[in-house]
């Protein structure tokens, strides 16, 4: 689940985070066990307010609301059969909990990161390390397909490798320092890979040409647009991403997680298929194979890491969710609440909508900026 989609780098929604409701802790710490309890005794039901904040419980058994308008208390047998939520509420945003000082610090951190990235990696009048990196990889082969796959492989090894070492790294240097290390190595490699793809996307061998097919442009555009709604919920926690708040490994369960436990992978597959169908050449195929392969590895690695961190709580979530979209819903393991749509009417998804539309119209600017780098 730590896998980051390269396709969203230039249009990553800066949507606000939600507060963290730690109703359980990792299994390697002293914690209160949360168990799946399909028919809870009414006297031991957890009662929560509509924002999943003020909670009370008896007998150490939890039953959480399943959506914004639900409470834990059930009024019928059918309601009691509804699965209990033990994970966190994804894409939740509470304006009253936001601190201006935190967002000012986030803006400062973002400015510093962009400045250092430009000076050290992008700008050839600065250190220009990115140019040297691209040329070094390009020396391996004259084939843009091979170079494309190599860039993705390097990114995947660094990104997923550091994600796998997160527990050890955080114990050694702390959560914030490890996040700086993680982002400081992953971000330049992601930028290089994206820029190379933009500059070479019409290279290689043309395999098909379907751009004149009626309705295809609209289908591709819609698929690409929807794919950004499958961002992994941790992407929304910008204060944690920037290490303004202490980064945490979250166990999400609501929102997009009800559809698929690995939304980042699903969104990446949708993005790759849309762009490959539209471009139709060997470079696009190579890029898609590399990105999809990386995210499929992330499915296994993400589940493995969450199982280590959260133990039985993750197993409960896993039973009620699926990797394949809608599979858990169709086979009855995931029961959507009546007001499920409200889990998407939230600030992060409204921000995604605006920024995804903006990124589409900004494509010419992205392409012009990439061409100037000559990567």
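Here the Cβ of each residue, glycine as well, is placed from N, Cα and C on the backbone.
It is 103-122, from the ranges 63-82, 83-102, 103-122, 123-142, that TrEMBL records as transmembrane segment. The transmembrane segment annotation in TrEMBL falls on one of the ranges 177-199, 315-337, namely 177-199.
Residues 3, 5-8, 144-146, 148-149, 152-153, 156, 197, 200-211, 216-217, 219-221, 223-224, 226-231, 298-299, 323, 325 of the same chain, all 6+ positions outside the transmembrane segment (265-292), place their C-beta atoms under 8 angstroms from a C-beta of that stretch. Taking Cβ pairs closer than 8 Å, the transmembrane segment (177-199) reaches residues 4, 6-7, 9-10, 113, 117, 120-122, 129-130, 133-134, 147-148, 151-152, 154-155, 158-159, 162-163, 166, 169-170, 240-241, 243, 247, 283, 287, 366-367, 370-371, 373-375 in its own chain, all 6 or more past its ends.
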